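Enquirer: Relevant sequence annotations retrieved from TrEMBL are reproduced here:
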COMPBIAS  461-479  compositional bias 'Low complexity'
DOMAIN    43-162  domain 'Gfo/Idh/MocA-like oxidoreductase N-terminal'
DOMAIN    203-263  domain 'Gfo/Idh/MocA-like oxidoreductase bacterial type C-terminal'
REGION    455-486  region 'Disordered'
Amino acid sequence: MNSNRRDFIKGVTAASALIATQSVAKPFNIIRDLKKISPNDKIRIATIGMGIQGNYDTQAALRNPDVELVAVCDLYSGRLEHARTAFGQQLFTTRDYREILARPDVDAVLIVTPDHWHDHITIAALKAGKHVYCEKPMVQHLNEGKAVIDAWRKSGKTMQVGSQRISSASFKEAKRMIAAGDIGQINYIESNNDRFNAIGAWNYSVPPDASPQTVDWDRFLGDAPKRPFDPIRFFRWRNFRDYGTGVAGDLFIHLITGVHFVTNTLGPTRVYSSGNLAYWKEHRDVPDVMTSIMDYPKTDQHEAFQMVLRVNFANAGKISNVTRIIGNEGTVEFSENNLILTKKKLPIAPGYGNYDSFFTFTEDVQKKFVEEYDAKYPAETRTAEPVKEIKFEAPKDDDAHAKHFGDFFANVRAGSQGTVEDPVFGFRAAAPVLACNESYFENKVVHWDPVTMTQKNPAVSSGKKPAAGKKSSGSLKKGNTVATKS
Ligand SMILES: NC(=O)c1ccc[n+]([C@@H]2O[C@H](COP(=O)([O-])OP(=O)(O)OC[C@H]3O[C@@H](n4cnc5c(N)ncnc54)[C@H](O)[C@@H]3O)[C@@H](O)[C@H]2O)c1
């Protein structure tokens with residue numbers, strides 16, 4: 001569990017009381033249907049999916065000035081009631097997101113539902129003329145990305161995808177260092193996100209009042225296969241392929257988004273995953289240990305490099321979750337709040353001796369070798385520059401989450417469609433993680449064209465579903481029952 005989440009759980013009562021008091025003072029008005037939002041206007045938001053992250057996102061959005069929450073949609077009645085307590089009794093609440101989209105007093109929606117709903121609600125919201133902040137990963141399957149991009153382009157509305165860490169000071173500093181050539185040419189990137197606790201492994205608490213009356217189960221299922229009410233599937237949806245995107249979609253996405261932001265890359269051409277369901281076997285059908293290898297081709301922004309990502313939900317060892325970008329002149333190692341740049345440059349002279357073939361030469365040959373070496377490598381080519389280490393710590397008040405929303409709202413106000421994580425960026429980051437899943441479940445290398453955003457060897461059936469808006473037959477998902485692979 002990240003510290004954000006811990007703090008929220010500890011502080012929910014106090015925070016709820018405070019927010020409730022603040023928002024009671026603001027009467028709920030249906031204001032005119034503004035087509036354009038001027039820099040001085042309030043942006044009125046609605047959150048669709050008021051679960052764990054829906055609460056965090058809403059709070060982060062409201063830490064920006066002139067933003068007002070007017071409506072909330074969720075499928076569990078307890079969360080609608082909690083939202084009114086936390087954010088104000090005047091809120092419009094509903095189980096049907098279409099009622100939110102129909103409201104003229106909503107300028108922008110936060111889509112914070114399980115992954116299988118992202119594309120459907122995003123497309124509907126853009127068509128309804130709403131600006132969209134959609135949680136990561138932008139889509140659940142590789143074949144859903146382009147429809148979202150098309151809808152966004154046609155809509156003229158602003159869209160931001162929510163992998164908020166790229167708005168942190170530390171990620172910006174990493175980007176600046178890479179662009180300045182501080183580590184030379186990148187050749188390898190490694191990043192991991194390990195955990196060792198039940199909540200971290202997504203076994204979230206299930207409320208004792210969960211029932212078909214308090215939960216809109218049929219709507220939750222959406223285009224996923226029909227099945228009887230199951231509170232575990234509803235409250236722990238990440239554990240199931242029908243609704244989530246596994247460790248890749250939940251966690252690799254942050255690592256990849258960070259790397260794409262920092263390096264300006266467009267994405268990998270080859271993706272391969274291996275893994276296992278090692279520990280959390282009680283009900284999930286996705287692996288809890290996964291390693292993926294990706295080949296990024298040379299572009300005008302960087303040399304070719306390899307990236308290796310890992311999640312291990314049963315890591316009882318030392319956990320150190322950082323991203324390490326390795327170049328031929330140094331390394332940048334960073335997390336959300338701090339960064340270490342290590343600069344290390346090889347001397348021009350290669351050296352000789354020690355564990356080397358030099359001592360195996362005859363004495364005469366050694367002599368000749370030394371003469372030639374001395375002629376070729378004068379003294380100044382023989383010493384390396386001293387290793388330099390530069391540490392960067394984000395300011396204590398660096399609020400990446402609020403800043404990510406700040407970027408979204410600034411673009412909404414400016415009438416600009418683009419954001420730091422717009423749908424093109426969002427899909428270029430989501431596609432490799434979805435490819436990780438396809439590689440794992442279909443036991444294949446996924447070939448991807450990061451420029452055209454097209455899969456070169458698409459799946460025949462598994463993991464595919466009809467594009468948003470089309471009715472699912474359900475039968476396309478039949479191949480999705482693989483639980484583990486040896
Ligand atoms: N950016 C981040 O750091 C971050 C962190 C956690 C989660 N997330 C993302 O946020 C999303 C939600 O995750 P969560 O942990 O809050 O899940 P959650 O289960 O706590 O909340 C999801 C909520 O969505 C509601 N919901 C489901 N289908 C809906 C629908 N059709 N219409 C309206 N509401 C619906 C459910 O009732 C539930 O309350 C996921 O996409 C996840 O990947 C992002």
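Using N, Cα and C of the backbone, Cβ positions are placed for all residues, glycine too.
A TrEMBL annotation is a machine prediction, not a hand-curated record.
These numbers come from a predicted model, not from an experiment.
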Enquirer: With DSSP, how much of the domain 'Gfo/Idh/MocA-like oxidoreductase bacterial type C-terminal' (203-263) is helix, how much strand and how much coil, in residues?
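Expert: For the domain 'Gfo/Idh/MocA-like oxidoreductase bacterial type C-terminal' (203-263), the helix, strand and coil counts are 31 helix, 1 strand, 29 coil.
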Enquirer: Summarise the domain 'Gfo/Idh/MocA-like oxidoreductase N-terminal' (43-162) by DSSP state, stating how many residues are helix, strand and coil.
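Expert: Looking at the domain 'Gfo/Idh/MocA-like oxidoreductase N-terminal' (43-162) with DSSP, the answer is 54 helix, 30 strand, 36 coil.
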Enquirer: For the domain 'Gfo/Idh/MocA-like oxidoreductase bacterial type C-terminal' (203-263), provide the mean pLDDT of the predicted model.
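Expert: Computed over the domain 'Gfo/Idh/MocA-like oxidoreductase bacterial type C-terminal' (203-263), the mean pLDDT is 98 on the 0 to 100 scale.
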